[in-house]
Amino acid sequence: MTKTVSQYRSSVWFVTVFSMFFGRGILNASWTSRGPDVRDTLGVSTADMGIIATVFAAGAIIGVLASGSIIERYGSRAMALGTYLVMPISLIAAIFGLQTHSFLATTVALFFFGLPFGAADYVSNIEASELDRASAKSRLPMLHGGYSIGVLVGALITSVLILANVPIEMQLVGTAVLIGGWTLYRVSGLPPHHGKHPDHESGTKTVRIVQTPEGRRRTHLISIIAFVFVFAEGAAAVFIPLALTEAGRTPAEAAFAYTLYSLGMAFSRVVGGRIVDRIGRRAVVLYSSVLCAVGVGLFSFAPFGPVEYVAVLFWGVGGSLSIAMSVSAVSDNKSTLTQAQSTLWTWVYFANLGVGPVLGGISIVTGIFGAFLVPVILLVGAASISAVTRPDPEVART
């Protein structure tokens, strides 16, 4: 018996979308948590690692920019199947660069890892937004928590494997095969019509509604908030392990700090739906901006004392909810959802594109801990415009 959409949504949809976020998180963490090993294997500097992160983000931006039209034509399931097939393959390809100590080959592999990574992020959030709209309570924080839990699990596994002297190549292959296979199994159950534009589903032409100037301005301001928090999250993923090893911590201690960061983010996202329902999006963004800024600022004092564990918890908890709030805010108007999400995710991946060269470049002059002043300033700015995440006034007027 074929399930109806409502039956599918209530029994499977949440688990499938959660798995999409989780799979992406654990794949990414398996790479980023090994940052010091990658750096030492390739014999490159922290600034060079920033270049790899930039190329990864460039691939992700291209993936995001191409995703909207592909999903409208072929649907979310086709996009998800393609991305969760290519991601593990590209991660395995990075092993060739490591084994040959080739910076170029590793960087190229990370570009092709970033390409489906950005597209998978986009399609995951399209599905998450629709699920959130169909639910009586906020679901986005918990779904985004799937990514954080994936990162946490990946970081924990990495910490154990480092202590056990398991080679990075073995970890990447095992993770790619197991997680890639599981996620492909889950997304294969998505209904084929999900995400398709009515033109491609019915074969008839419909009038496309475009955003008003006021709506575009609101979308860009919300996207700036998402930009800031993704910049802060990217700084954590790329530079927490690298910065702490530069400060004299062992690779295992650095990986543990990133695990704590991921734990704070995951826990906050798991309970975040209740927080959002109680105090609203705007308050969540405001308080999160302040807490995250405190965490990043405190982390910059790690060379002078053992403050990093408290700092990364503040950093993770503070950075956990505002991206979901941004996705929710731009999704208020269903008629312009695809346009708004395309704008937001373009901003998001420009943040990922910029975090490597900006912080890596500044670190050449100030040291990496001095460079963390940049996300602190950006987070203060995000707090100042947090009111834009209140419910869309254009929807309220209709």
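Any Cβ shown, glycine's included, is placed from N, Cα and C.
Straight from TrEMBL, the features:
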type	residues	note
DOMAIN	9-394	domain 'Major facilitator superfamily (MFS) profile'
TRANSMEM	12-31	transmembrane segment
TRANSMEM	51-71	transmembrane segment
TRANSMEM	78-97	transmembrane segment
TRANSMEM	103-124	transmembrane segment
TRANSMEM	145-164	transmembrane segment
TRANSMEM	170-187	transmembrane segment
TRANSMEM	221-243	transmembrane segment
TRANSMEM	255-272	transmembrane segment
TRANSMEM	284-304	transmembrane segment
TRANSMEM	310-330	transmembrane segment
TRANSMEM	342-362	transmembrane segment
TRANSMEM	368-388	transmembrane segment
| Does the transmembrane segment (12-31) come near the transmembrane segment (368-388), with 3+ Cβ pairs under 8 Å (pairs 6 or more apart)? | no
Most Cβ pairs under 8 Å to the transmembrane segment (221-243), of 51-71, 284-304, 310-330, 342-362, 368-388, goes to 342-362
Averaging the pLDDT values of the domain 'Major facilitator superfamily (MFS) profile' (9-394) gives 88
Criterion met for the transmembrane segment (342-362) and the transmembrane segment (145-164) (at least three Cβ pairs under 8 Å) = no
Within the same chain, the residues 6 or more beyond the ends of the transmembrane segment (103-124) and with Cβ under 8 Å of it are 17, 20-21, 24, 27-28, 31, 38, 42, 44, 48, 51-52, 55-64, 66-68, 70-71, 76, 79-80, 82-87, 90-91, 93-94, 96-97, 143, 195, 341, 345, 348-349
Residues outside the transmembrane segment (284-304) whose C-beta sits under 8 Å from one of its C-beta atoms, at least 6 past its ends, are 225, 228-229, 232, 235, 240, 243-244, 247-248, 272, 275-276, 310-322, 325-326, 369-370, 372-373, 375-376, 379-380, 382-383, 386, 389
Given the transmembrane segment (51-71), its same-chain partners at Cβ distance under 8 Å and 6+ residues beyond its ends are 38, 78-79, 83, 103, 106-108, 110-123, 126, 195-196, 234, 238, 338, 341-342, 345-346, 348-350, 352-357, 360
